[in-house]
Structures are given as structure tokens and as C-alpha cells.
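**Q** Got a structure for you, questions after.
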Amino acid sequence: MDSLVQNGWEHLAVQYISLIALTLLYYDYALTLDRERSLFWSKGGFKQWGSVLFFLNRYCGVIGHAPVFIQKFAQSNSTLYLLCKPIHSYHQILALIMQTIIGMTFVMRTYALYDRSRVVLVGLICLGATEIAVTGWMISRAKGPAMSPILPEGSTGCSIGLSWSQSWRFAVAWCCVMLFDLIVVAMTLVRTIQINRRDGKERTLVNLLMRDGVMYFGVISLATLSNIVVFLEVTRGIATTMTNVLASILVSRLTFNLREPRGHSVTAMTTTATSPSPMSTPIILYVPTDIEDVDGVVTRDSRRFVL
């Protein structure tokens, strides 16, 4: 009886946290749809890699989480029982795809911040590929016989549990994600300090990238860390949906911040062929309120990787 009550409370906690996460996802989408139309659809849509990654991240989150409603809240019956394991596997694959898209977004931002350094690009691609390989391998190795905890009568949603061997593999996968985020934010901080020291004053665009990167890492590291802990110690997998949703929302917001028109000076970085210095040459531009000119904040060569 005690086990039945505990299973019921844990299942209810998973449902509540998932409901909060999904409500946040679709509320934020509705809240920012006008900004998306004005900053992306009316300005050429898919002309730049940054825009492609933005749409992939945004709509993988919005559309991709639709089956999660079935997993978490559908009325329990024999059909749902047959669907639970495939939907559970789908949810883990969705998390991997979304984290890959988010990682690509940060690779492009960091690549542009380092003046399109091929060394940085190759290094980040190798790091990201290693993360994807390890994460994918851990997820594939975590497949095993489904555990279905007995729930109180009238419970809704899937009740697939995870064994210890499955849980620690998922925890390792999320550790890889957190390590990649840590390296990217560290590179952003180092580059920002280098540019500010070299120029003797702060540059708005560079510091915007730093601020957004640090804020993203702060929030996501807490969410990812909590996800790792619950996989190992508490109700396993309870925070996966929340972590994915927060990551998707925050990356969309970072992209909005870069696209938003601002009436103050910002820095564009270009690499000049005549400059003997390997560092980029900063150019101060005044950004008018016209959104078309915001794309000019970063030079023609590098803006496609940032915006």
C-alpha cells in the first residue's frame, strides 16, 4: 500500500512539472509570435543560417512536444499502454535533437565572436560531435525492458519507470550537454574580456552576447543539474521536459535580443586583409530603429552566423 501511494505521488509530481513546462512553452510562443513575424518572417525568413536554426529550435519545441501530452496526460487504456514505450523513446530522441540544434546555434555565435576562426569552428564541431556521439550512445544503451510501476486506479498518462542502469546513462548524457554549455560560455567570457581590454572600453554587441550567454548558462545549468540529480536520486526523468522547454525558450529569446532594433552604438567585428594583427578590427555603428539595419550590426561575412 505504501508503495502504491508513493508511486501515485511521484507520478502526479511528474505530471504537474510537465504541465508547467508545456504551459510555459506554448504561452511564450503565443507571447512572442508577433515578434517572430516582424523580426523573421517579414525580413526574408530563411536567408541566413541563424534564422534556419531559430526556426528549427522554435518549432521542434512547439510541434515536437505535442506527443508528450499523450505520454503525460492521456487516459490510461490498452492502446496507451502499447504507445507508452515508443513515446518514451521518442521523447529522449527529441531531447537529443533539440540539444543538437541549440548546440549548433551556440557554435555559430562563438564562431562569429572569434572572427570566424576556423580553429575555433573545427574545435567546437569536434566537441559537439563528441557530445552527440556519447549522448546518442548512452541513450541507445539505456534501452531495456519497460518498468511499469503500479499506480492508483484512475491515474492518467504513461507510467514507465527507469532502472538504475538506465538512469545513470541518461545522467551521463545530460552531463555531456552541461559540459558543452560550460565550454561555450567560458569561451564567450574570455573573448569578451580580450576585446574590452584591447579597446579600453565596453562594446555593446560583444557584451550583449556575453550577458545573454551567461544568463542562459546560469538558468540551463541549474535545470540540467537538477535533471542529473533526479535521474540518479529522486523521481527519475521528472525534469527532462522542463529542461528542454527552458533551453528552447531561452535560445529563442537570445535570437530575439540580437534582432531587436536598438538606438545605441554597437560593435561590429571585421577581419581586414591589411591589418597585421590577428585580432579583429572593431567598427562602431549607430543602429537606427529600422530592423533592416540591425542586420548590419555584424559584418556581411559574419552576420549569417550570429543573427
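From the backbone N, Cα and C atoms, a Cβ is placed for every residue, glycine too.
For 16-63, the entry in TrEMBL reads domain 'DUF6533'. The annotation transmembrane segment is assigned in TrEMBL to 12-31, 52-70, 90-107, 119-139, 171-193, 214-232.
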**Q** Residues of the same chain, at least six outside the transmembrane segment (52-70), with any C-beta under 8 angstroms of its C-beta?
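**A** Result: 18, 22, 25-26, 29, 36, 40, 45-46, 80, 83, 87, 90-91, 94, 97-98, 101-102, 104-105, 108, 241, 244-245, 248-249, 251-252, 255.
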**Q** Give the one range among 90-107, 119-139, 171-193 whose Cβ atoms make the most pairs under 8 Å with those of the transmembrane segment (214-232).
**A** 171-193
**Q** Counting only residues 6+ away from its ends, which parts of the chain sit with a Cβ under 8 Å from the transmembrane segment (90-107)?
**A** 50, 53-54, 56-57, 60-61, 64-65, 67-68, 71, 121, 124-125, 128, 131-132, 135-136, 139, 142, 170, 173, 177, 180-181, 184, 213, 240-241, 243-244, 247-248, 251, 254-255
**Q** Hey, which bits of the same chain come close to the transmembrane segment (12-31), Cβ under 8 Å, at least six residues off its ends?
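**A** Those are 58, 61-62, 65, 68-69, 72-73, 156-157, 235, 237-239, 241-242, 244-246, 248-249, 252, in sequence order.
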**Q** Would you mind splitting the domain 'DUF6533' (16-63) into helix, strand and coil residue counts from DSSP?
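**A** Tallying H, G and I as helix, E and B as strand, the rest coil: 42 helix, 0 strand, 6 coil.
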